[in-house]
Every structure is written in structure tokens, then in C-alpha cells.
Amino acid sequence: MAKEKFSRTKPHVNVGTIGHVDHGKTTLTAAIATVLAAKFGGEAKAYDQIDAAPEEKARGITINTAHVEYETAARHYAHVDCPGHADYVKNMITGAAQMDGAILVCSAADGPMPQTREHILLARQVGVPYIIVFLNKCDMVDDAELLELVEMEVRELLDKYDFPGDDTPIIHGSAKLALEGDKGPLGEEAIMKLADALDNYIPLPERAVDGAFLMPVEDVFSISGRGTVVTGRIERGIIKVGEEIEIVGIADTQKTICTGVEMFRKLLDQGQAGDNVGILLRGTKREDVQRGQVLCKPGSIKPHTHFTGEIYVLSKDEGGRHTPFFNNYRPQFYFRTTDVTGAIELPEGKEMVMPGDNVSITVKLINPIAMEEGLRFAIREGGRTVGAGVVAKILA
């Protein structure tokens, strides 16, 4: 049979497995891919294919991540699984693999463990919007009351980090049984139930093109007789000729009008998410716009200087700092296209941060940046990346 070409007929959703080490994340990933491949087509993946995750780089940080694809009757999923705990932390903070929803794997035999808690907290901090729970290894627990107790603990933990514990789907099963071809309620049936929960509990993500127009400014040119052209890649939304836009960040917010959109030297009526374009601005001087600002739909994004963030600090081996840093450390924060200096305040009782740590911090920037919760940044010292982070909460 000829190899079928990839046809994107089903809507696409990004998910991933999270949870404590050895609770069965990779086994479950293999089980989902195998069971759904048999049902809806696609490629079954063996455990060792997933476990040997290739290295990739995101924001200057090396991360091991395995990518698996599978389909349900309604959707196409891209699923990420990480071999080690540090990879999860890095993955979630850098947004290397953005998740529309996560599958929290928790062993019924052990109940919630430290990384179970840490991954739920990380999911909350980095803005993973939905969690589904797979209570794994249920074949090892004979006591129904014990299962109920573990389920209750998981729901309480989700509640604690502002996920709707009572409404979260929790599926009981055994990834190992499912992978071995067991057709029973803990085997294949549990995987089908999980697939059903993915389809019904995780809403379709908003497509980038449907968002409010936003384009980070990469370069600014002055073209005689035509005015000022700003180039960059449109992050989301659509810009049409004649529309009003705002220039946000670094300086005071200004209003202007898009009088032209150019791509590959051709004039267009509009540009949309993903396009690399030049946007012509009416009445705006070349010195009024600079790299690091954004063009956006008026009122859709505001400039901020004060926020809390979740950061990962590169270890020495990863090319990071060799020494810890302390309260009031002042590196550069690289947002989208530019560096802004900021001061770091550590959480109470935290003396210092070692290379290789992840930590929640509060930051005050010297210049405002167009910012939303969930925005990613790199932390740099003289152009060298020493960490990565995500805006958890805007304070001012």
C-alpha cells in the first residue's frame, strides 16, 4: 500500500504526559499511540522508541523530548513525553512544547508524590489550561477504597493549584496491560476512555490567526516618499491596510495607521499570523519605533514592568553560570526581540539560586514591555543565555 500523505482534515491539539518519575508516563504514551493506531490508523510506537528521546534546543537550552502523534475519531494529537524530571521543568518553562492540555499520570499504588505536585504547580505557573488524570497501575491495587482515597488526594492537589479538582476526568487503568493488548476495563477500554476525555474535556485551542493582531518589531526602516516600514513576523491575528494599530512597549504607547503590508516585495491587502512582513505606518517617524516594541490591535496588550515568573537557571554544563545568584541580581530579560534589564527578588526564605535550579521570582524591569501572562523570556548576561522563564502573574 502506498504511504498515505498527511492530510490535516481533523483539528489539531497539543498534549503531553506529566507526573512523578516511574509512575508510567512513557508506558502510557506508548499505550495510547499503540491502541489508537490500531483503531484509527497511525503509527504505533514502542516504549524504547519513546524513551530514547532526541535532544532539541529551545531558547538556548538543550532538552530531551519525545514527540508522538496519534488520532482519535475527532482529532489529531501531537503528544510530548520527556525522559527526565529536569527535561519536564525546562520544557514547560521554555514552552518548547506548548500544551493545550496535559495528562497527569499518577500511580494508584503510590499516590501523589513530590513531582506530581511540582508538575501540577508548573502547569499552573506556565499556563497549561487543562489537566486530565490517568490513575495508572490500578491492576496492582485490589482495594477499591484505596483507589478512592488516591483519587481524592489527586483531586485535592489539583484544587490546591486552582485546577477544578471535582470536575477533572480521572481514568483508572493500567498502561502496561493496555500496551500488552489487554482488552479489559483497565487495558484498552481505559485508553479509549482517556481518548474520549481528551476529545471532550480539552477544548480546541484558538488558532493564532483568530487572535488579536500582534507583531514584535524586528527592524525599522525609513523609505523616502513612503514613510516608516516596520518588519517582523506576525505572531497572531490579521492586519489589513487602513486599520488602526498601537505601538506598545519601552516608550509611551502611540497610535498609528497601517497604510501598507509588504511580503517578498509584493504589496498585500493583509498579513496574517506566521507571515514575515513589512508594515508601512502613517505619520510615524523612524525614531518613534524600535526593536523590542510590538505593533498590535489597539487596547489588546498593555506595557508592564513588574511581574512574577517561573524560571529555570541553566547549569554550568549547559553553558550557564558557574556560581549562584542572590537577591537583587540584575540580568537582562530577553522578551521577543530585545533585552531589558531587570532586578530579581527571590521568594522569602530563599537565600540564593544555584545553576540548575527552578524557582519562582518577582521581577522589576527598567523599561515596560508589552506583556501577558504566559509570555516566555530568556535571562541573559552580556548576550549569553543563563536561564529561561515565563510570566506567571503581572503585578504592575
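Yeah, the Cβs are placed from backbone N, Cα and C, and that goes for glycine too.
According to Swiss-Prot, the protein has these features:
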BINDING   19-26, 81-85, 136-139  GTP binding site
BINDING   Thr26  Mg(2+) binding site
DOMAIN    10-206  domain 'tr-type G'
REGION    19-26  region 'G1'
REGION    60-64  region 'G2'
REGION    81-84  region 'G3'
REGION    136-139  region 'G4'
Among 19-26, 60-64, 81-84, the most Cβ pairs under 8 Å with the region 'G4' (136-139) come from 19-26
Cβ neighbour count within 10 Å, max among the binding-site residues Lys25, His85, goes to Lys25
Per DSSP (three-state), His85 (GTP binding site) is helix
For the region 'G1' (19-26), the averaged pLDDT of the predicted model is 94
If you measure between the CA atoms of Thr26 (Mg(2+) binding site) and Gly19 (GTP binding site) and round to the nearest Å, you get 10
In three-state DSSP terms, Lys25 (GTP binding site) is classed as helix
DSSP, reduced to three states, assigns Cys138 (GTP binding site) to helix
In chain order, residues whose C-beta lies under 8 angstroms from the C-beta of Gly19 (GTP binding site), counting only those at least six residues away in the same chain, are Lys25, Leu104, Val105, Cys106, Gln115, Thr116, His119
